[in-house]
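A short worksheet on the structure shown next.
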Amino acid sequence: MGNIMEGKSVEELSSTECHQWYKKFMTECPSGQLTLYEFRQFFGLKNLSPSASQYVEQMFETFDFNKDGYIDFMEYVAALSLVLKGKVEQKLRWYFKLYDVDGNGCIDRDELLTIIRAIRTINPWSDSSMSAEEFTDTVFAKIDINGDGELSLEEFMEGVQKDQMLLDTLTRSLDLTGIVRRLQNGEHEEAGTGDLAAEAAG
(Lines of atoms letter the chains of each structure in order from A and count residues from 1; the text may use other names and numbers.)
(Lines give C-alpha, C1' and ligand atoms only; values in the text may rest on other atoms or scores of the structure.)
Protein backbone atom coordinates (compact mmCIF):
# COMPACT_ATOMS: atom_id res chain seq x y z
CA MET A 1 0.00 0.00 0.00
CA GLY A 2 1.35 3.45 -0.89
CA ASN A 3 2.40 6.17 1.50
CA ILE A 4 -0.82 7.79 2.65
CA MET A 5 1.07 11.01 3.24
CA GLU A 6 2.41 11.41 -0.31
CA GLY A 7 2.81 15.11 -0.98
CA LYS A 8 1.82 15.91 2.58
CA SER A 9 4.51 16.47 5.16
CA VAL A 10 6.26 19.48 6.64
CA GLU A 11 4.38 22.00 4.49
CA GLU A 12 1.14 21.10 6.28
CA LEU A 13 2.52 22.54 9.53
CA SER A 14 3.79 26.08 10.00
CA SER A 15 7.53 26.68 10.36
CA THR A 16 6.97 27.65 13.99
CA GLU A 17 5.09 24.42 14.69
CA CYS A 18 7.77 22.38 12.93
CA HIS A 19 10.50 24.03 14.99
CA GLN A 20 8.63 23.35 18.23
CA TRP A 21 8.02 19.72 17.33
CA TYR A 22 11.60 19.22 16.12
CA LYS A 23 12.95 20.60 19.39
CA LYS A 24 10.68 18.30 21.40
CA PHE A 25 11.42 15.31 19.19
CA MET A 26 15.21 15.70 19.43
CA THR A 27 15.08 16.46 23.15
CA GLU A 28 13.21 13.27 23.92
CA CYS A 29 14.70 11.21 21.11
CA PRO A 30 18.32 12.37 20.52
CA SER A 31 19.00 9.50 18.11
CA GLY A 32 16.43 10.97 15.72
CA GLN A 33 14.66 7.62 15.48
CA LEU A 34 11.74 6.69 17.70
CA THR A 35 11.37 3.02 18.63
CA LEU A 36 8.07 1.48 19.71
CA TYR A 37 9.19 1.65 23.35
CA GLU A 38 10.14 5.32 22.98
CA PHE A 39 6.87 5.97 21.15
CA ARG A 40 4.95 4.67 24.16
CA GLN A 41 7.05 6.78 26.54
CA PHE A 42 6.86 9.86 24.32
CA PHE A 43 3.07 9.82 24.28
CA GLY A 44 2.80 8.78 27.92
CA LEU A 45 1.16 5.48 26.92
CA LYS A 46 2.24 3.09 29.64
CA ASN A 47 0.64 0.53 31.96
CA LEU A 48 -1.84 -0.30 29.22
CA SER A 49 -4.09 -3.32 28.89
CA PRO A 50 -3.13 -5.94 26.24
CA SER A 51 -5.76 -4.70 23.79
CA ALA A 52 -4.66 -1.09 24.21
CA SER A 53 -1.04 -2.13 23.73
CA GLN A 54 -1.98 -3.84 20.47
CA TYR A 55 -3.65 -0.64 19.30
CA VAL A 56 -0.55 1.43 20.14
CA GLU A 57 1.63 -1.02 18.20
CA GLN A 58 -0.72 -0.82 15.23
CA MET A 59 -0.66 2.98 15.39
CA PHE A 60 3.15 2.92 15.48
CA GLU A 61 3.24 0.68 12.41
CA THR A 62 0.91 2.97 10.44
CA PHE A 63 3.14 5.96 11.22
CA ASP A 64 6.30 4.01 10.32
CA PHE A 65 5.76 4.74 6.64
CA ASN A 66 8.97 3.12 5.35
CA LYS A 67 8.57 0.07 7.64
CA ASP A 68 12.10 0.19 9.07
CA GLY A 69 10.94 -0.25 12.67
CA TYR A 70 11.53 3.38 13.59
CA ILE A 71 9.68 6.68 13.31
CA ASP A 72 12.05 9.40 12.14
CA PHE A 73 11.32 13.11 12.28
CA MET A 74 9.80 13.31 8.81
CA GLU A 75 7.45 10.41 9.59
CA TYR A 76 6.68 12.05 12.92
CA VAL A 77 5.78 15.36 11.25
CA ALA A 78 3.71 13.56 8.62
CA ALA A 79 1.81 11.79 11.40
CA LEU A 80 1.20 15.04 13.28
CA SER A 81 0.14 16.74 10.08
CA LEU A 82 -2.38 13.97 9.42
CA VAL A 83 -3.75 14.02 12.96
CA LEU A 84 -4.00 17.80 13.24
CA LYS A 85 -4.68 18.99 9.70
CA GLY A 86 -5.37 16.02 7.47
CA LYS A 87 -8.31 16.04 5.07
CA VAL A 88 -11.19 13.61 5.60
CA GLU A 89 -10.04 11.27 2.80
CA GLN A 90 -6.51 11.12 4.22
CA LYS A 91 -7.76 10.38 7.70
CA LEU A 92 -10.14 7.67 6.47
CA ARG A 93 -7.30 5.94 4.62
CA TRP A 94 -5.25 6.04 7.80
CA TYR A 95 -8.19 4.77 9.89
CA PHE A 96 -8.55 1.87 7.44
CA LYS A 97 -4.87 0.93 7.81
CA LEU A 98 -5.23 1.13 11.57
CA TYR A 99 -8.25 -1.20 11.60
CA ASP A 100 -6.72 -3.64 9.08
CA VAL A 101 -4.65 -5.40 11.74
CA ASP A 102 -3.48 -8.32 9.58
CA GLY A 103 -2.75 -6.08 6.59
CA ASN A 104 -4.76 -8.14 4.09
CA GLY A 105 -6.53 -5.11 2.61
CA CYS A 106 -9.87 -5.80 4.29
CA ILE A 107 -11.36 -5.19 7.73
CA ASP A 108 -13.32 -8.00 9.33
CA ARG A 109 -15.65 -7.68 12.31
CA ASP A 110 -13.13 -8.96 14.87
CA GLU A 111 -10.46 -6.51 13.70
CA LEU A 112 -12.83 -3.56 13.96
CA LEU A 113 -14.17 -4.65 17.34
CA THR A 114 -10.66 -5.16 18.76
CA ILE A 115 -9.47 -1.71 17.72
CA ILE A 116 -12.66 0.06 18.85
CA ARG A 117 -12.32 -1.53 22.30
CA ALA A 118 -8.66 -0.54 22.48
CA ILE A 119 -9.34 3.02 21.36
CA ARG A 120 -11.89 3.42 24.13
CA THR A 121 -9.29 2.28 26.64
CA ILE A 122 -6.84 4.96 25.56
CA ASN A 123 -8.98 7.81 24.34
CA PRO A 124 -11.38 9.20 26.97
CA TRP A 125 -12.80 11.57 24.35
CA SER A 126 -14.08 8.74 22.16
CA ASP A 127 -17.80 8.26 21.69
CA SER A 128 -19.42 5.86 24.18
CA SER A 129 -23.12 6.23 23.36
CA MET A 130 -23.01 2.69 21.91
CA SER A 131 -21.09 -0.33 23.12
CA ALA A 132 -18.13 -1.40 20.99
CA GLU A 133 -20.17 -4.39 19.77
CA GLU A 134 -23.16 -2.22 18.85
CA PHE A 135 -20.96 0.24 16.98
CA THR A 136 -19.20 -2.57 15.09
CA ASP A 137 -22.56 -4.12 14.14
CA THR A 138 -23.81 -0.72 12.97
CA VAL A 139 -20.74 -0.15 10.78
CA PHE A 140 -21.10 -3.50 9.04
CA ALA A 141 -24.89 -3.21 8.68
CA LYS A 142 -24.54 0.17 7.00
CA ILE A 143 -21.50 -0.18 4.77
CA ASP A 144 -20.78 -3.88 4.11
CA ILE A 145 -22.58 -3.60 0.78
CA ASN A 146 -21.90 -7.11 -0.53
CA GLY A 147 -22.51 -8.73 2.87
CA ASP A 148 -19.29 -10.78 2.86
CA GLY A 149 -18.37 -9.84 6.43
CA GLU A 150 -15.37 -7.81 5.32
CA LEU A 151 -14.93 -4.16 4.42
CA SER A 152 -12.72 -3.23 1.48
CA LEU A 153 -11.04 0.16 1.38
CA GLU A 154 -13.59 1.28 -1.22
CA GLU A 155 -16.58 0.15 0.88
CA PHE A 156 -15.11 1.80 3.96
CA MET A 157 -14.28 5.12 2.28
CA GLU A 158 -17.58 5.44 0.41
CA GLY A 159 -19.78 4.13 3.22
CA VAL A 160 -18.36 6.30 5.98
CA GLN A 161 -18.38 9.47 3.87
CA LYS A 162 -22.04 8.90 3.00
CA ASP A 163 -23.09 8.43 6.63
CA GLN A 164 -22.55 11.51 8.78
CA MET A 165 -23.16 9.64 12.03
CA LEU A 166 -20.45 7.09 11.27
CA LEU A 167 -18.07 9.78 10.06
CA ASP A 168 -18.59 11.87 13.19
CA THR A 169 -18.24 8.88 15.52
CA LEU A 170 -15.08 7.59 13.84
CA THR A 171 -13.58 11.06 13.83
CA ARG A 172 -14.24 11.50 17.55
CA SER A 173 -13.04 8.04 18.49
CA LEU A 174 -9.76 8.47 16.61
CA ASP A 175 -9.25 12.11 17.50
CA LEU A 176 -5.72 12.17 18.87
CA THR A 177 -5.57 15.94 19.09
CA GLY A 178 -6.32 15.80 22.82
CA ILE A 179 -3.18 13.73 23.39
CA VAL A 180 -1.21 15.93 21.01
CA ARG A 181 -2.35 19.10 22.78
CA ARG A 182 -1.37 17.64 26.14
CA LEU A 183 2.06 16.93 24.69
CA GLN A 184 2.34 20.54 23.59
CA ASN A 185 1.52 21.59 27.14
CA GLY A 186 4.13 19.25 28.58
CA GLU A 187 1.61 16.97 30.28
CA HIS A 188 2.54 13.71 28.57
CA GLU A 189 3.68 11.99 31.75
CA GLU A 190 0.09 11.66 32.92
CA ALA A 191 -1.45 10.55 29.64
CA GLY A 192 -2.53 6.97 29.22
CA THR A 193 -2.24 5.98 32.87
CA GLY A 194 -4.67 5.31 35.67
CA ASP A 195 -8.21 4.53 34.63
CA LEU A 196 -7.23 4.58 30.96
CA ALA A 197 -5.20 1.46 31.58
CA ALA A 198 -8.30 -0.52 32.50
CA GLU A 199 -9.62 -2.96 29.94
CA ALA A 200 -12.27 -1.29 27.78
CA ALA A 201 -15.79 -2.33 28.62
CA GLY A 202 -17.46 -3.47 25.42
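Quick reminder: no glycine exception, Cβ is built from N, Cα and C everywhere.
Annotated in Swiss-Prot:
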- ASP64, ASN66, ASP68, TYR70, GLU75: Ca(2+) 1 binding site (BINDING)
- ASP100, ASP102, ASN104, CYS106, GLU111: Ca(2+) 2 binding site (BINDING)
- ASP144, ASN146, ASP148, GLU150, GLU155: Ca(2+) 3 binding site (BINDING)
- 31-49: domain 'EF-hand 1' (DOMAIN)
- 51-86: domain 'EF-hand 2' (DOMAIN)
- 87-122: domain 'EF-hand 3' (DOMAIN)
- 131-166: domain 'EF-hand 4' (DOMAIN)
- GLY2: N-myristoyl glycine (LIPID)
- ASN3: deamidated asparagine (MOD_RES)
Going by Cα-Cα distance, which of the binding-site residues (ASN66, GLU75, ASN104, CYS106) sits nearest to GLU155 (Ca(2+) 3 binding site)?
CYS106
Cβ-Cβ neighbours of TYR70 (Ca(2+) 1 binding site) (radius 10 Å)
18
For GLU150 (Ca(2+) 3 binding site): intrachain residues, at least 6 apart, with Cβ closer than 8 Å
CYS106, ILE107, ASP108, ASP144
Could you break down the residues of the domain 'EF-hand 4' (131-166) into DSSP helix, strand and coil, giving a count for each?
25 helix, 3 strand, 8 coil
According to DSSP, which kind of secondary structure is CYS106 (Ca(2+) 2 binding site) found in, if we only use helix, strand and coil?
strand
To test your reading of the Ca(2+) 3 site: which residues beyond ASP144, ASN146, ASP148, GLU150, GLU155, same chain only, put their Cβ within 8 Å of the Cβ centroid of those residues?
CYS106, ILE145, GLY147, GLY149, LEU151, SER152
Applying the rule Cβ within 8 Å of the centroid of the Cβ atoms of ASP64, ASN66, ASP68, TYR70, GLU75, what extra residues of the same chain belong around the Ca(2+) 1 site?
GLN33, PHE65, LYS67, GLY69, ILE71, ASP72
Taking only the CA atoms, the spacing between TYR70 (Ca(2+) 1 binding site) and ASP102 (Ca(2+) 2 binding site), expressed in whole angstrom, is 19
Near GLU111 (Ca(2+) 2 binding site), how many other Cβ atoms are within 10 Å of its Cβ?
20
10 Å Cβ neighbour count around ASP144 (Ca(2+) 3 binding site)?
19
The domain 'EF-hand 2' (51-86) - residue tally per DSSP class, helix then strand then coil
26 helix, 2 strand, 8 coil
Extra residues within 8 Å (Cβ to Cβ centroid of ASP100, ASP102, ASN104, CYS106, GLU111), Ca(2+) 2:
TYR99, VAL101, GLY103, GLY105, ILE107, ASP108, GLU150
